[in-house]
Amino acid sequence: MLENEENPCISKSTRLPRKRFYRARAHSNPLSDSHFPVPISPSHVDYSLHYPQFFQSSDILAGSKKIEFADIGCGFGGLLISLATLFPETLMIGMELRDKVTEYVKERILALRKASPGEYQNASVVRTNSMKYIPNYFEKGQLSKMFFLFPDPHFKEKNHRRRVISPHLLDEYAYVLRVGGIIYTITDVEELGDWMKSCLEGHCMFEAITEEELEADPVVKLLSSATEEGQKVSRNGGQTFRAVYRRILPCV
Amino acid sequence: MEDENEQGRETEVAPALISVHPAQHYVTVAVGSDLRVFNLQEGCSVSLVDESPEPLHKDSIRAIRFGANGKLFVSAGDDKLVKIWSTDSWRCLYSVSSEKRVSAVAISNGGRFVCFADKFGIVWVVELDGVHENQALVCKKAEPLLAHYCSIITSLEFSPDEQYIVSADRDFKIRVTAFPKNPLDGAHEIQSFCLAHTEFVSCLTFICCQDYPLGLLVSGSGDSTVRLWDFTSGSLLHTCEVGAEAGIAQSNGRKEGSNTIVTGLCATPDGSLVAVAIQRQLLRESLSSYCSFPGIMLLACNFSAKILSVARVVSITEEAFIPTSLGTTFSSGLLWMVMGVSSSQSSGSASLARVRVISGFSKNDAESTELEPIVLADKEIPGGEQLLLKLQGNLSVEEEVFSAAAEAVKTAMHNLLIKKQYSAERREFRKRGRNDRKDKR
């Protein structure tokens, strides 16, 4: 406790980490070779490290629960924090490539867990390159929701292969999503919005979700309101473009 | 900067490859850009006919393969061309240009589709409109099939029933993808990932027997293991620590600090035996053929227990023969091996190819008959000295060339597969040297 009071990175009033001490570049190159540890396979992911309260002892219950939501490129973790209270019994993980940002989210979750005991135990974050290592974290059909909120637009055509939604990467997302699972994407860049929509539209294992269903889904409202990027866009009166699709069985 | 250029040039050195016609009508060896074909039935060398604007290959060949029915042969490599040959006339029937360098090829069992993987981790597919003897050369365009995200694909195999295509990459990943009826639209349905290797996966092969017509998958890796997989579920069945086994087989001690890489796999058609090519290198200074592992290791597969065990280590000690590529046929019981490397400008060494054959590469009655692999002398090889003259380029190979080649092959392997490791200080230094940062603190 004493440590925290001396730690300038933690706000004295809210006990939350202060963002200005975790300033990072806005973008990171997903193509570069990675220098962080990666679990060999999904069974090597240490759940007790991420969700200590759910996996306190090695009892029978421990083996049963698995991560169901993945926020790819979670940024400063706004969505994760909102989802954690909305779905308190669902395990969720944020994946972020920038180490400083990951560090911030980690501190933020720890602080929230301390501030409101019993809550936020189901949210965690990991530093990884999700474009490369998704199969190392999740088994086939493990996830029910995947989020891609305000991803890096990579405007140059030469760099389109760095986009987190691409026809080939959708194959991997379809693999980790269960049938009926939902993929949420949103961006404030019209060009990227069109791109993501056309990628999903053209993929045989995804179908668009109807407007009525979108209205009924409480998560959809969070897409633009919960994230730091989304708040920034609405502050500036910007437009957002979303594409929400369901994983289906491919027609043979 | 300079040492990076240096390394870039070193990569140009390519290991020699061998491929044998399924009915043992032909043997082919690729050394650098040179493709050498020998006709075993008639005992003569074959000259290739290529009427394309860019005949033959201009740069190192990285992948060669016969189709399962023996009618087609594919060669591809650093010149970004995939050439598909008829094995009757040895004419080039199709020439496919790739955007990037090609690292692996596969032919569907019926010979209707040819798949190849490039350096960007994308697998492409070409549909052939049949093989007509007198057709003119056709230039084809490939369609993307699937992609590993920016990881070099090292091996590409069709499952025996052709339901799946399996790809392995430099990021320790093996992906099993359902091969669709119309692959030109892409293969989107991933069946499984086989994950357990902790280093790059260098080679794949399928083994099947009568009880398991679907087959099991065997993979070799830079983590010094050979692993057995149920590829439909992606579950690991058994791990064979060939590195440790090779250490025991080798002359005493000297185990510490060595690094074993599995570079090649080859299975008998009945699936009972798998030949493993191994490279060993000491992490310490003294790199020489002395600390290599000359010869091959034979693994026996027990299908009911689903385990791989070392059946025999075949040493080739009279010369330091470290095979760079392996090949076999349906019935002959011969294992064909080549050790070799393309010529390299930077070190000024000439190209080398040495072909050896092991007989008794079969195990018909698993328990009763003893496994008797024999390394054939040059005269006993089918095709005899004429074959060696064609495939090796010359008959005798000097000792020094061997060790030089062994070195070059190691470098080539290293540059292709092992990621550059920067120390933390070096990374920090490079970060500080970035020139795209606007605000300097």
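Using N, Cα and C of the backbone, Cβ positions are placed for all residues, glycine too.
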**Message:** Of the candidates A:Leu49, A:Leu149, A:Leu200, A:Leu249, which one does TrEMBL list alongside A:Gly73, A:Glu96, A:Leu97, A:Asn129, A:Ser130, A:Thr227, A:Glu228, A:Glu229 as binding S-adenosyl-L-methionine?
**Reply:** A:Leu149
**Item:** Assigned element (helix, strand, coil) containing A:Glu229 (S-adenosyl-L-methionine binding site), judged by DSSP
**Value:** helix
**Prompt:** Which residues of the same chain, at least 6 positions away in sequence, have a Cβ lying under 8 Å from the Cβ of A:Ser130 (S-adenosyl-L-methionine binding site)?
**Reply:** A:Ala70, A:Ile72, A:Gly73, A:Met95, A:Leu97, A:Val164
**Message:** Using a Cβ cut-off under 8 Å and a sequence separation of 6 or more, which residues in the same chain sit near A:Thr227 (S-adenosyl-L-methionine binding site)?
**Reply:** A:Gly75, A:Gly78, A:Leu79, A:Leu149, A:Phe150
**Prompt:** Taking the Cα atoms as reference points, how far is A:Glu229 (S-adenosyl-L-methionine binding site) from A:Asp152 (active site) in Å?
**Reply:** 11
**Request:** Take the Cβ of A:Asp152 (active site) and count every other Cβ within 10 Å, whichever protein chain it belongs to.
**Result:** 19
**Fill in**
In whole Å, the longest Cα-Cα distance within the recorded S-adenosyl-L-methionine binders A:Gly73, A:Glu96, A:Leu97, A:Asn129, A:Ser130, A:Leu149, A:Thr227, A:Glu228, A:Glu229 is 21
